[in-house]
């Protein structure tokens, strides 16, 4: 037996007995059942109703339903058993097999490694929390203390690799696992149009109440003055107040069509259709990964047409997250460039160039490409520094190797950077073959050598380096280290100063090209000193207090006076079309903020960041780790006085906030400011933490919003979400977050629109997103085509729908003054039922699903077409009021023109033509024709479907009208079909058709005149582009394709991942030990290859000590001329 005591910061602990469910259940720990679905059978109804009633109109519809049904107004036990995940309990011991997902947070007990099973009885551990990087404890066994930390815990959601089986004790289950503790809550996202609709619906309710009050008062007055004269025809209520009360509620029912339920049904159909367009778009399909674009929600499509701010991850989102070994510096000599023998200039590397021939190495990776032949020549010449360089790359890492058959090596790396470096060493003759907890086996130029692995000093965000201590087959002890340049340089021996200067020049060149750089060093160790250091290391590793600090001191002690070997430069390949996409989005006035984990110094020079900083006059840098109030005030003063006042010298301090009142809330909104010039802002995570403080966030946001581009470096996932929330809180703008990894999930959930990229880092981002695809370049089509079309169509739909329904309803209002306010409808009951259901439903749906102002090609050619959506120009409170005024005017025309045309008239047969039924039919016909004509004016793109819907709806109106007004239906149900013969007697009169034509012309005339004058005096961007397209009379331009070349591209400057390394895991024995396959040598004898030419560029050094290529004078880049503003702490 052995007991675990894991101490928590608050001295609160969880007690668990292994395989004792009765004891563990007494603590009521959570089960392993989790729910990621939105609803369950019990919560579906209340939660769905709650979400539906976020739309105020739905409450109105429920009220109408209640009103209309009222009669007044009617109008385990020591054996292995198979078990489901959900039935796993805390304290259970479970067995996992290779490639299975970890079912819960487990304490690893044993694995298929040749280690003994650890039998335990009781465990004491910290309570559930969301800390993924820490788990500190101590195991006491036979009076010996053994350390327990995060490396002894398997977290739910991980996959077991390179291990046949393992046993683990369940520590946390279900919602208490660290994975679930880190999952943010999914919120119900609503579009800005939905929020605006709530405001407009409240206004409409007020307008409806006002109209009903006016008509109720009119009824009371009419009853007092003229009601007694109509007793023979209409039963009269003696109490005029009660009569007015009943009239009020009757008109509430009659006029409810101002907000019909079909409005929201149609909106959902339109959104569903536009979502299918995204799913069906073949141009957004990525054949390489067989991944189509997917709209994972159907409620946010039109929001895609209003994006103002994009928050983007960098690695894996803008880049492929596939690293390749690009350049290196070894003992002061630079390798990787291809030099022209005549001009001495570096050539651009293209696919047409001949790469290095690695056929001499049978174990080389055929996908690895390198173009500088001088480096492989140095390997073949057995230059000591070159061999030491690649030996370090083959030994100093935590990569796992799998060899399923002879020579077929597959590397599984903690980060793509490590995989790229080990692959480079493999191709240059230093092949990593296998590892065990105690050894690392490599092949050096065809000779297999096994090194004893004595210690791994692992990487973390503070150390920014990793080291391994090994003993070679000859018994020599060595420490190999790789890390960030500034960290390694502080720990070098003074004799390395000259080489360090030259290497620094190379690092600056690499960083200027945006490559991810790393410095390599080594140190020979004394056997006696190392034995004594190893003992102190063990004592520190089991210490209960200050364990990490003690270990760090030991690492600092041994990692000093190292000898510099050289530096590596890894390329993170840019995704296809990223530069073009960024340029297009910038032209669309979309501001892009990059939230990356890379360090600030290198991020600025990234190739993928260049389009962000194009034509920017000044870039302001904020970088400090000084945590003090003084520094906060310095930064605040700098923000307020220097940066912002330089950009906007005429801006007053108190004019950047404007009130925005929605439904009683009064949040502060930071308004956009005019900027003199183009500016960029680069800020690191430490400074960002200060800037996000409540007393500084407004100043920071105002300064950032003035800048064209903002780059946040070294930010945590939480900071990403905080930046998004800050913009959402104070900017009246729609935000979009795009990322590919689990660290982007919080940002994706926080933004109005979340986009996930299915890349190298799994599906976490995709599963949390609203839209997903495989490549960043598809974002421009998602926004500039699908988003813009969806927003334009939805706005046209709303404007037209309100117009046709307001017009329909207002005619009732005018008719009330001529019917004694008796709540009689002006239309036939059948027409009222079929108006929104049949006569006007399909035409507006056709417009909302198929309309285009310009096609996709021109939408991408002119990104400026996107700007009106950001400004909400197509549908706003002003547009709604214009629509209401147009409806009010049209209703006057639709009522009084037919009224005047039929007043005191006779038919051709001499009979009276002024009956109620004839007037109703003429008004219905005028209304139907008018709304169809108005829709025809609104349509920009006529398709066969649009023609079918418009003409079909008009035809259906006349067919159903003649059918419902026949004798046969009247005989079947006289009360429902009382307009017998009205269609035959009325629509055969010429004056009726003249009335219909006159009414339609008068209704649309103001629209035609207004649009003509506005297009001549102040044309919109849409009108300008459409006019230009018509003048050109050419087909839409084909999408531009990016020329694929491999060039000296600019990438990030630091090669390590941000997670804690796997060094302890490598030495713990908790993985399958795979011995290297016995094989023949993979290398041919060394020597110069045929046709060898030394084409690599040297930085003033050559193998024989002579200068080969004098360094050319390099002109400063535009970025180097940017103004860097720093405080005294930088």
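Every residue, even glycine, has its Cβ placed from backbone N, Cα and C.
Where the annotation comes from TrEMBL, it is an automatic prediction and has not been curated.
Per TrEMBL, the feature domain 'P-type ATPase N-terminal' maps to 16-77. For 199-222, 242-265, 612-639, 800-818, 830-850, 879-897, 918-937, 949-970, 991-1013, the entry in TrEMBL reads transmembrane segment. Look at TrEMBL and you will find 313, 315, 740, 744 tagged as Mg(2+) binding site. Among the features that TrEMBL reports, active site, 4-aspartylphosphate intermediate is placed at 313. As annotated by TrEMBL, ATP binding site applies to 313, 314, 315, 418, 459, 482, 516, 596, 597, 598, 714, 720, 743, 744. The domain 'P-type ATPase C-terminal' annotation in TrEMBL covers 766-1020. The region 'Disordered' feature in TrEMBL is assigned to 1087-1115.
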Inset, instruction - Compare the C-alpha of residue 313 (Mg(2+) binding site) with the C-alpha of each of the binding-site residues 459, 516, 714, and give the closest one. - result: 714
Inset, instruction - Determine the mean pLDDT over the domain 'P-type ATPase N-terminal' (16-77), rounding to the nearest whole number. - result: 68
Legend entry - Cβ neighbour count within 10 Å of residue 714 (ATP binding site): 21
Legend entry - All-chain count of other Cβ atoms within 10 Å of residue 743 (ATP binding site): 23
Inset, instruction - Measure the Cβ-based neighbour count of residue 315 (Mg(2+) binding site), defined as the other Cβ atoms within 10 Å of its Cβ. - result: 29
Inset, instruction - Provide, as an integer number of angstrom, the distance between the C-alpha atoms of residue 740 (Mg(2+) binding site) and residue 714 (ATP binding site). - result: 17
Inset, instruction - Would you mind checking how many other C-beta atoms are within 10 angstroms of the C-beta on residue 313 (Mg(2+) binding site)? - result: 28
Legend entry - Nearest recorded site to residue 744 (Mg(2+) binding site) by CA-CA distance, among binding-site residues 459, 516, 714: 714
